[in-house]
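Noted in TrEMBL for the protein shown:
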| type | residues | note |
| --- | --- | --- |
| BINDING | LYS66, LYS90, SER344 | substrate binding site |
| ACT_SITE | LYS102 | active site, proton donor |
| SITE | ASP142 | site 'Important for catalysis' |
| BINDING | THR185, ASN216 | NAD(+) binding site |
Amino acid sequence: MNALVATNRNFKLAARLLGLDSKLEKSLLIPFREIKVECTIPKDDGTLTSFVGFRVQHDNARGPMKGGIRYHPEVDPDEVNALAQLMTWKTAVANIPYGGAKGGIGCDPRELSTSELERLTRVFTQKIHDLIGIHTDVPAPDMGTGPQTMAWILDEYSKFHGYSPAVVTGKPTDLGGSLGRDAATGRGVLFATEALLNEHGKTISGQKFVIQGFGNVGSWAAQLIHEKGGKIVAVSDITGAIKNSKGIDIPNLLKHVKENKGVKGFHGGDSIDPKSVLVEDCDILIPAALGGVVNRENANEIKAKFIIEAANHPTDPEADEILSKKGVVILPDIYANSGGVTVSYFEWVQNIQGFMWDEEKVNNELKTYMTKGFKDVKGMCQTHNCDLRMGAFTLGVNRVARATVLRGWEA
């Protein structure tokens, strides 16, 4: 099931639980604006080449729209629509004053030189600069983009509008990026896991974890869970997978990954098939890579008691049903991985104030937001007698619906 179908399905179930009227439900689903632009740049050899760039702005009832920009060869409009919509619910669950957006350029960043990427980013910014803005739509990095991409967008945008550091988040700290932003999603996953385990009378210490995906989110989550005494027994990334039932030495693995660009070949564990990592014996499974990895094919084999969705949409609805019958507790993505957008909000706040925080303040504020977010989700679970995914969806959809009605926008 693709991401858009699954997201729409969750939205409709939430709308039904909340008893929203059909006109309001329909208007909440329709994106505010979809932008598609041609970006033509000279390549380093002098030839011209064109790419398609786009931005889906889903909803701005609760504030400026917020979401990543990805550079990827298969940028599918349906997926971008789904991710923009997910950002609307995610920012509402986190209770930060934003709506949702998502965008990107259909290109393979690995096949472009740094100067080609810079030209492409600047042309894209020229095409959309009057449709984004500090109080309109605030982009951030995503797959295939990073702090340098944000620096180019900031510079190009500032040529038209004057110096505006708050127009993007995830910037380098030298240009107004926030301390703690790099680790934010992984740290949010830690706080979310602690909140869930606390509810079940457990702590991180002594629990067995499996982490699928060892990019920014997976590696930070692994490091922070390891520091709290969690035992990480298996890890995978695109290069391969390793397991060690006694617990992997995470500091050594991080060093290996930095030097070898992947977990493959790490000697502190046995090499296993990356597909089998999801069904390894553990207490807590953290999918932190791509969507749709937990599906009806492998759901019955999963041994974890808890799944923390660090990736976007890692669990298919069919798998959801199988797992809930087995009594597996799933902490949904729109809450579990909201640490990144929450610290993006802190970055935006710091830029607007022109006053930067120290890292301890960033991390403490993040913990406050994640802990409160879990309580709010649980509150909706009790009100509507539903699981955590529907608790999070009803919480997010209800907040956006209330803002929409209060602003007089309902159809």
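The backbone N, Cα and C atoms fix where each Cβ goes, glycine too.
Annotations in TrEMBL come from automatic prediction, not curation.
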Substrate site, defined by LYS66, LYS90, SER344: further same-chain residues with Cβ within 8 Å of the Cβ centre: GLY67, MET87, THR91, ALA94, ILE96, TYR98, GLY100, ALA140, SER338, GLY340, VAL341, THR342, TYR345
In sequence order, the binding-site residues (LYS90, THR185, ASN216, SER344) whose C-alpha falls within 10 A of LYS102 (active site, proton donor): none
C-alpha spacing of SER344 (substrate binding site) relative to ASN216 (NAD(+) binding site), in angstrom: 15
Nonlocal neighbours by CB distance (under 8 Å) for ASP142 (site 'Important for catalysis'), same chain, sequence gap 6 or more: GLY67, GLY68, ILE69, ARG70, LYS102, GLY104
Maximum Cα-Cα separation (Å), residues LYS66, LYS90, SER344 listed as binding substrate: 13
Between THR185 (NAD(+) binding site) and SER344 (substrate binding site): CA-CA distance (Å): 10
Most Cβ neighbours inside 10 Å, all chains, among the binding-site residues THR185, ASN216, SER344: SER344
Rounded Cα separation (Å) that holds between LYS90 (substrate binding site) and THR185 (NAD(+) binding site): 13
Residues that sit under 8 angstroms from LYS66 (substrate binding site) by C-beta distance, when 6+ apart in the chain: MET87, THR91, TYR98, GLY99, GLY100, ALA101, ASP137, VAL138, ALA140, VAL341, SER344, TYR345
Fewest Cβ neighbours within 10 Å, where candidates are the recorded positions LYS90, LYS102: LYS90
